[in-house]
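K.L.:
Before we start, here is the structure in question, set down as structure tokens.
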């Protein structure tokens, strides 16, 4: 035995290699040697989410930035300019654009990383209570000092510092309630259980007495799974599951003190392993942009090659000439080669280095306006749209396929009890149906304000007595700071109503026929079951509602009382022997002190049942039920459910006065009204999973005194697990129930089957042995537990089935614009089809094709026949365009449809229909469908859902939308955008999607045009400078032109422009097709902008050139005219392109003009730009004093913009001419007298939408365009006169 190990304690020594399993040994002095050998494999609890360190920031950031092709290109230009023979600029000037871009990105990355550093530091310095062996008590330690094996003590509202196994809870039931909102966004409380064997602790746990070891799986990111066991020195093992694990980042609620041992710390915790950072999705526009940049590179090579060839020819014709700026002579071929690289440097502006920065700024602006759109705000839940990705906003304007979940998306996540069928008898609940039809939610009523709870801590769960300890109300400052940090202190948490507890869901009106039968329930019917089978109808009704009340995981809470009187405790039990005589019943009833029959059976519920004389009443004797006050008010009980289904079932049972009163890990207490309080010993819970599609609870029945299994699940699997007749078929009750199921599903109701199974002690013991082995295993635990559940869930007795109604999302039927919408749901076919009709995804004229097959061969043949049938039908109905088709396919058939052999046929089939409904689809199948359509059809896809089962398809779609529903926030956390309701998707796509795509596309095209137009001036000048690579514009102006002077206007244009008003886009969804077809940024649009850039540079260069030819103007004076003219051309070009001009636009335009003249004038006056061989000193000042300068700028600008202006007026050019003529004082007077009213073209332009303020600018420019010829003629005559006078003065 090792030294320091207590007597009887011996642990297996770990191997030198990192084990496949984790062995956790307590961090106690008595286990020091063993702990040191094991702990070296584990990480500390310190976290670091930053990307950089102080000494690695610059090299790593530069390394990452130079992964971008554009940055590498400009780095190549900078290095190339350092070669003397090809130098075009001063070396320092060439570095400025690259340094500016790198600096901006580096500052942004640095600020983001510094924010993470501060957050990490704050979290690492949080304080928690860790057991110290030296002091024998829990002491304060920072989170960063917590280690694996430490014992942690937490109080209510404290955050969990590391993943730890729960060993002690002050709750008498061995429970700990936690809030997991930091993990999955769910505010509903989750129950965590103490490890079996540690529940019966009467005093607070002493870590020194802990002599166990924990063996569990290695750290992984699965939040819903934890495998392991805790082993005593006697080799006795107890299985560990996710119910025993408290996850880092969660918050303790409703529990005074908990103690656990850390098994994962720091970056090995599940929450940190899931912290993979933001997802990156490349937009379709970004992919096309990269291709166009490559095109610009090719264009740059062509332009440089032309100059290089021209240089070689010029050197051949002029031998002995020196190369500009080098003073050397070169052969024509070598000179042309060097000139090619010189022009690469000179024309580098053609590749827009600032475009990427501008795109990021524009996207930030677009997201800001999306998030602040009041129409996308949901006032009842105080929820606005959330953005999780900045890279895909423009994808919203190109969506072609939408894959939508049904539950919580097309329907609200409100589940309401509608009707039921018990023992083959249907109960329609007509009064309840009328209530649902007339229900009108009133979110602003005072009653709703009263119904809100301040925090989860104001709710106290009904449980057994609590162990006495010091009060947690007196909190020290560290506790206060922790409470403020978690945002959960009483009064600081946002006022929020419990989920699934609206009046729509809780107020169920009972069916009178079922009520009359329910009144007959007594112990006599259970007594008869022992002698006669099958069970009677009354007993089936009783067991049906018992199953609704206990077959769930609902947490029962009530408002915490402030009185000091301890709650009364009732000790009651029920046995089969106690129900033999009515005398015994009366004796049992008398055990209730000071309580009358009326107080027991008459509950304060909406519909009270009348007590008939002679009704069998009994206070159910059984195990202790502590903490249950006799005077509790059922109306004050609150149910916290994890899903709307469970809440609907419990509220339905309570409507029939089968009230769930209390729940703990060992017992479930219900109040059956006439039968009193019944306590069921809870033995096992087999939770719901997507494979079994059902949930079961194993209890000890207090009346039957037998082991009973209650199971609820989907009818598609439950009906196959029922007891069969000796002939192998279903009995009459099952057949009637199946007809009810089909009928309800066809009406859009969600169905659920309820069944039970009574086990003998021998059967239960046999099953328990295998189930215990499955629970205590680490490898293949899920498979073993699944096999164990299947061994138990068979030969079930059908009790009945019920229908729940999903509330349709408001205006979910409005989204139709040529987008293909697929519904992917786990519901049965009839329900999905009904909802599709209700939401107008399908029309009444649609013909449905249903695919259902159980083999791959049949699936192939069916799809082939369906495709042929659709082709024939389409040709037959070619004259009936209103006739359309829809495809319905179920999960098993979908499995075959996604097979490699059938995929193409399946896609061909879906291309012939207007809608596809995939029912009974699993989460994996949903993601497979999205991936298949996106990759094979090369289309833009959007997936929208609200639950964890939608996460996979949301991540795989081009755009993922999460609905902030009541099934948690998993979908929201995984999405690119999060909406409060499905109806908001319409404006998000048709308005913001259209705007984002159109704005960004036009801005990118404008950047290409702007850079090419400016570079064109340098290109044309080479033909008149001997192809020498000489710029006529000073170097600083070349650099600042794109970096400062013309950088702000396109950004404002990309953020604020509106080509069509929001009202017009919403009322005309067909406008969305333009962005779907890439019309704003197609090949033709790109080519037109390139040609327009060449044309404008041609006009801007040659008009001033021929004006000043032979005038003796110096180089930089001529260049300043070109520079200024091109500046105004580029600015006014943007004015023409803008459809929505505001004061912000004009302010930015004015700022750019002021910035241009101030910087150019200041640098020229101070001679900052003075570089050999030319001198730009005082050039701009002299030009501003010359009238010819203004004439050239005005006429050249107007002539250069004329094609762009006419193309903008193309739809309404006749209208603008009509306006001009109609409004002329002379002609207009005659026309008005003759026509009496304006021509149609006049009215067409005058009624232009008010959302296009830019239209007024076009009208005024029309006047200028009509007098352009006269201005040109006056210009040339005046300019020639002025220049000739200047030459005469010079000669004189």
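Cβ atoms here come from the backbone N, Cα and C positions, even for glycine.
Dumping what TrEMBL says about this protein:
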type	residues	note
DOMAIN	33-94	domain 'P-type ATPase N-terminal'
TRANSMEM	70-89	transmembrane segment
TRANSMEM	289-314	transmembrane segment
TRANSMEM	334-357	transmembrane segment
ACT_SITE	405	active site, 4-aspartylphosphate intermediate
BINDING	405, 407, 946, 950	Mg(2+) binding site
REGION	559-595	region 'Disordered'
TRANSMEM	1004-1023	transmembrane segment
TRANSMEM	1035-1056	transmembrane segment
TRANSMEM	1086-1106	transmembrane segment
TRANSMEM	1118-1136	transmembrane segment
TRANSMEM	1148-1168	transmembrane segment
TRANSMEM	1188-1206	transmembrane segment
TRANSMEM	1213-1235	transmembrane segment
TRANSMEM	1260-1281	transmembrane segment
K.L.:
Considering only Cβ pairs under 8 Å, which range in 289-314, 334-357, 1035-1056 makes the most contacts with the transmembrane segment (70-89)?
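P.N.:
Per the Cβ under 8 Å count, 334-357.
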K.L.:
Sorry to bug you, but what's the C-alpha spacing from the residue listed as 'active site, 4-aspartylphosphate intermediate' to residue 946 (Mg(2+) binding site), rounded to the closest Å?
P.N.:
8
K.L.:
Quick check for me: are there 3+ Cβ pairs below 8 Å between the transmembrane segment (1086-1106) and the transmembrane segment (1004-1023), leaving out pairs under 6 residues apart?
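P.N.:
Yes, since the transmembrane segment (1086-1106) and the transmembrane segment (1004-1023) share at least 3 Cβ pairs closer than 8 Å, they count as touching.
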K.L.:
For the domain 'P-type ATPase N-terminal' (33-94), jot down how many residues DSSP puts in helix, in strand and in coil.
P.N.:
36 helix, 0 strand, 26 coil
K.L.:
Assess whether the transmembrane segment (289-314) lies in contact with the transmembrane segment (1188-1206), where contact requires at least three Cβ pairs under 8 Å among residues 6 or more apart in sequence.
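P.N.:
In this chain the transmembrane segment (289-314) does not contact the transmembrane segment (1188-1206) - fewer than 3 Cβ pairs sit under 8 Å.
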K.L.:
Ranking the recorded positions 405, 946, 950 by other Cβ atoms within 10 Å, which is at the bottom?
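P.N.:
Relative to the other recorded positions in 405, 946, 950, 405 has the fewest Cβ atoms within 10 Å.
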K.L.:
So, taking each listed stretch (334-357, 1035-1056, 1118-1136, 1148-1168) in turn and counting its Cβ pairs to the transmembrane segment (1188-1206) that are under 8 angstroms, which one gives the highest count?
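P.N.:
Checked against 334-357, 1035-1056, 1118-1136, 1148-1168; highest Cβ contact count belongs to 1118-1136.
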K.L.:
Taking the transmembrane segment (1004-1023) as reference, which of 334-357, 1035-1056, 1118-1136, 1148-1168 has the most Cβ pairs under 8 angstroms?
P.N.:
334-357
K.L.:
Out of 334-357, 1035-1056, 1118-1136, which stretch has the largest tally of CB pairs under 8 angstroms to the transmembrane segment (1148-1168)?
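P.N.:
That would be 1035-1056.
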K.L.:
By Cβ distance under 8 Å, which residues at least 6 away from the ends of the transmembrane segment (334-357) in the same chain are close to it?
P.N.:
68, 70-71, 73-74, 77, 80-81, 83, 85-89, 94, 97-98, 101, 104-105, 289, 293, 296-297, 299-300, 303-305, 307-309, 311-312, 315, 323, 1004, 1007-1008, 1011-1012, 1014-1015, 1018-1019, 1022, 1027-1029, 1031, 1038, 1041-1043, 1047
K.L.:
I need to check the long-range neighbours of the transmembrane segment (1035-1056): which residues 6 or more away from its ends have a CB within less than 8 Å of a CB in the stretch?
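P.N.:
Here the qualifying positions are 89-90, 93, 96-97, 100, 349, 352, 354, 358-359, 361-362, 365-366, 369, 999-1000, 1002-1003, 1006-1007, 1010-1011, 1014, 1119, 1123, 1127, 1130-1131, 1134, 1137-1138, 1140, 1142, 1144-1145, 1148-1149, 1151-1152, 1155-1156, 1159-1160, 1163, 1168-1169, 1171.
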K.L.:
Across the whole of the domain 'P-type ATPase N-terminal' (33-94), what does the mean pLDDT come to? Round it, please.
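P.N.:
So the average pLDDT across the domain 'P-type ATPase N-terminal' (33-94) works out to 82.
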K.L.:
May I ask for the distance between residue 405 (active site, 4-aspartylphosphate intermediate) and residue 950 (Mg(2+) binding site), taken between their Cα atoms and rounded to an integer number of Å?
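P.N.:
About 7 Å separate the Cα atoms of these two residues.
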